[in-house]
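Engineer: Here it is, the structure in full.
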Amino acid sequence: MVLIRVLANLLVLQLSYAQKSSELVVGGHPCNIYEHHFLAFMYNSSGFMCSGTLINQQWVLSAAHCDMENMHIYLGLHSFKLPNKDQKKRVAKEKFFCLSSKSYTKWDKDIMLIKLNKPVTYSTHIASLSLPSNPPRVGSVCRIMGWGSITSPKKILPFVPHCANINIVPYTVCRVIYRPLPEQSRTLCAGVSGRRIGSCLGDSGGPLICNGQIQGIVSWGSDPCVNRGAPSIYTKVFDYTDWIHSIIAGNTAATCPS
């Protein structure tokens, strides 16, 4: 019941956030209850919400711009109306960013690693997602998911996460649409050409999954969401795997790739 009351507050407060605050799955469909066991729902009492990805029993990967005070993290959650018996609530014990100042740009270092206050036990609805062994190829079919708005510019938040398939597209496509993106960045460009399918308000920090691995983190996109079929920008997880492994191993002074 507490979570349902929280959602009611989120529905009122979250809709007032600007597009830059957080990203949604537009043009998708309700996820199967068994396909998102690694998906984390993150929120606070102020109405800010994001997603994250469980990468082992005590660590969640998300976007740096999803950092918030008094962060609550739900794992094993599917429906706000019908909670799973094995869903768990955690808080952040520690947060790690690529820069000590927590600064990032739209095209670089939008990544946050969260250590939970205590590990979760894997169950029917809770399990981790693998980090990438190789970067994704252009043309790869990937999966996005989250509790973000399912329409734009009008914001409608669902009671269950929505999923959609999108493609990795050439980075040059995003450079043309989103000027002045640099010639190179540690991001991925992904969407569906000519169709309004993609991430939006409330999905920020969630995973871009290719071949069963987390290849991207929802970072930002157009306003309205997926405007005229525009692709969105995702943090390229493969470029940060060494940093992630180092932090988890206890080397908290590890530096991110330049």
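Just so you know, glycine gets a Cβ as well, placed from its N, Cα and C.
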Engineer: Of the cysteines CYS98, CYS142, CYS163, which is paired with CYS256 in the disulfide recorded by Swiss-Prot?
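Structural biologist: If we follow Swiss-Prot, the cysteine bonded to CYS256 turns out to be CYS98.
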Engineer: In Swiss-Prot's disulfide listing, CYS31 is paired with one of CYS142, CYS163, CYS174. Which one?
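Structural biologist: Its disulfide partner, as Swiss-Prot records it, is CYS163.
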Engineer: Looking at Swiss-Prot, which of CYS189, CYS210, CYS225 bridges to CYS200 via a disulfide?
Structural biologist: CYS225
Engineer: For the C-alpha pair, I'd like the distance in angstrom between ASP110 (active site, charge relay system) and CYS98 (disulfide bond), rounded off.
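Structural biologist: Cα-Cα distance, ASP110 (active site, charge relay system) to CYS98 (disulfide bond): 8 Å.
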Engineer: Measuring Cα to Cα, how far is CYS210 (disulfide bond) from CYS256 (disulfide bond) in Å?
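Structural biologist: A Cα-Cα distance of 23 Å.
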Engineer: Rounded to an integer, what is the Cα-Cα distance in Å between CYS98 (disulfide bond) and CYS66 (disulfide bond)?
Structural biologist: 14
Engineer: Using DSSP and three states only, what is CYS66 (disulfide bond)?
Structural biologist: helix
